[in-house]
Amino acid sequence: MSLSLKTRRFGRPVRPQLVLLLLFALCLLSVFISAYYLYGWKRGLEPSGSEAQSPDCDEPKISPSRLLPMKPLKPVDSSRTDPLVLVFVESLYSQLGQEIVAILESSRFKYRTEIAPGKGDMPTLTDKDRGRFALIVYENILKYVNLDAWNRELLDKYCVEYGVGIIGFFKANENSLLSAQLKGFPLYLHSNLGLKDCSINPKSPLLYITRPNQVEKGDLPGEDWTVFQSNHSTYEPVLLAKTKSAESIPHLSVDAALHTTVVQDLGLHDGIQRVLFGNNLNFWLHKLVFVDAVSFLTGKRLSLPLNRYVLVDIDDIFVGKEGTRMKVEDVKALYDTQMELRTHIPNFTFNLGFSGKFFHTGTDAEDEGDDLLLSYVKQFWWFPHMWSHMQPHLFHNQSVLAEQMALNRKFAVEHGIPTDMGYAVAPHHSGVYPVHVQLYEAWKQIWGIKVTSTEEYPHLKPARYRRGFVHNGIMVLPRQTCGLFTHTIFYNEYPGGPVELDKIINGGELFLTVLLNPISIFMTHLSNYGNDRLGLYTFKHLVQFLNTWTNLKLETLPPVQLAHKYFQIFPEEKDPLWQDPCEDKRHKDIWSKEKTCDRFPKLLIIGPQKTGTTALYLFLGMHSDLSSNYPSSETFEEIQFFNGQNYHKGIDWFMEFFPIPSNTTSDFYFEKSANYFDSELAPRRVAALLPKAKIITILINPADRAYSWYQHQRAHDDPVAMKYTFQEVITAGPEAPQRLRALQNRCLVPGWYSTHIERWMNHFHANQILVLDGKLLRTEPANVMETVQKFLGVTNAMDYHKTLAFDPKKGFWCQLLDGGRTKCLGKSKGRKYPDMDSDSRSFLMDYYRDHNIELSKLLYKMGQTLPTWLREELQSTR
């Protein structure tokens, strides 16, 4: 009875007032939850209370750090990680993220950017037993603090296990809490502050390049600074500053005179070392400390040595209109400044580039300056500019170019100017890159030049991408600008005012150039050393600033020695990467007008070998709108430019294989080199020179291709192929003779179709690549050629059903000529040879199974039809 009564009471209708009360409570709860997630920037920050105790402070008075129990650190084993930086950015276009990447790129450190995950997947951090990253950088440290529990534990375990550190930035905004604790850390943040007078903690263990002796007087940029405070001994100040106002910071337990703006976490709290910045990289000292932080947290694996080599070129000596040239006092100041700079840079010597034609073409006072300069000839280094300051790419005749150089050399000999420095610079860097062959030959003929420099390789901007290369025996070094140009001759008239020049020198672009490059060749001009002598002002103040704020050791070397040093540091840069000169307006302006990019091919047949590429080459050549390359005396119809030593002959050599285009827009050049397909170098090289090219590859059963290559080698009496059976070749083990392994590789490796196509897809869009079925090309060529024409977008479609005929004697399709005759490929094509033995076919079917499966996935991803042979192979493996 009582149970029944309770049940009835429970089932009674709920009063409306109670329902409304419950709804109101739920609404309030939802508002709080929405606010929590809407203002997610506050997550990870907890309001600071009064529980912070007053610690003892050393002089100078700074934010506190009290010794607490230490957690033992796992020794860092940097050999277990790859030298790669993982950078978590807010977006691909965020300013701070781009600045972080710019410093890494300038330092030539490898990196990978990822959008910082909130609840998304963390990138794969390990590969087997190796860590994939040596350092983690967060553009917004709150993205790290607020990681979901799974990813946070994953990342922290990785950092502890592999000794990987974290760099993070905290950028306050108008909604930031003025004082808060970083969630999960014994660290307090005080935000939206205006600061001044930044100093460096000399006891900071991460300092390497940074010299801690000075105070950067004045206001720090912005009013949104964050300072750090902690009682834990794991936190060590790196940079400190004062507040602009005399008022104390609310909630700060100690009235500290200096506040920490960059803090180093020694890893005593949780075993992970970190460096946290209380602002972005707009402040120049942050850039310097960031470089040191990268070095420290990677055990100096990602670090440049302290040595910096500097060479200052002065172009246009004797060139310049009246009023812009050096007078006697200017020449004396040049020499005196050189001697002054030698106290900081041993044997520092200005490098003077002269054009003899303009000697004594100034005012009387300037002509006296010319004479005094020549009286100091042994005090400076010298290099030839052009006699008449003409741009070399305008000279199409090498002998005329050589005559100009000979005049400059004659002038040098007459005035005692050294002629054996081995270095030259072309006016406006013309002819250096893009390469003007006549310039390189004339330089070697007249001057014996071994080194030059340019600001144009691979492009002028961004400057951090400039590189060196070697061509035709001449080493080409990257050249840097320094904020001075021919028209910047007066301090007060500097663009943007004198403050802009000082900003470039003192922590700005010029300072960063030296900081991030082990070797810097600076371009200046004669006019920068007359009048207000901005050249002298700039480099005196630059050296002073570097010596004040850094531990860098400034050195210099003559150009040839400097070039050898450069390629000793960067040997991978010796090989050039030729680019399309018409893709960069500056390049086109200093490229011979007799040359045209229309001479480049628009289609490449890349192979692989023994799949029908020569047949396709013949069929394409039948089309009236398509023109193939001229044959090579060494490699017949193939140029083989992008995959081997021919590449170093330059693009002029490459273009000579193609006709000079007519005025019609229908000219369509193509080339076929079947060994491009599996070349590791070719895809990148092709993409650089021919970024819009169409790519065709032909695939047959890789087992048949391997067997065909073996038979091809036997037909050419290859001793290894004659000695070993096909079965012995493809099954040879690691201990087999080297020449046998080489033949095995040429048989098997090109058949890794998916691997090679993916390499091409790293540089070309899928719609630029056409994969043809080699079996159909052999049996139904007319239909295949319809597909090819659509892919190429030719306007005058050709009906190959009417122009191809099957030749029963040859066993394949040939060109149909007038009178019913046919034109077929040579005797070397379509050879008959014994069928492959069953054991070899079985071995190869198993060998290529996974490769073929990956190929099917890749072709599906590319939107391409699976070849008939591939469908058959996949069905047989089920």
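Backbone N, Cα and C define each Cβ position, glycine as well.
These numbers come from a predicted model, not from an experiment.
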Identify which of Cys747, Cys814 is listed by Swiss-Prot as the disulfide partner of Cys824. Cys814
Using a 10 angstroms cut-off on Cβ to Cβ distances, just flag whichever of Asn231, Asn347 is the loneliest among these glycosylation sites. Asn347
Can you grab the distance from Lys832 (adenosine 3',5'-bisphosphate binding site) over to Lys610 (active site, for sulfotransferase activity)? Cα atoms, rounded to a whole Å. 14
Here the glycosylation sites are Asn231, Asn347, Asn397, and the Cα closest to that of Gly612 (adenosine 3',5'-bisphosphate binding site) is found at Asn397
Rounded Cα distance in angstrom between Lys610 (active site, for sulfotransferase activity) and Asn231 (N-linked glycosylation site) is 73
Between the glycosylation sites Asn231, Asn347, Asn397, which lies closest to Trp813 (adenosine 3',5'-bisphosphate binding site), Cα to Cα? Asn397
Closest to Asn397 (N-linked glycosylation site): which of the recorded positions Asn231, Asn347, Thr614, going by Cα position? Thr614
Among Asn397, Thr614, the one of these recorded positions whose Cβ has the fewest neighbouring Cβ atoms within 10 Å: Asn397
Looking at the recorded positions Lys610, Lys832, the one with the fewest other Cβ atoms inside 10 Å is Lys832
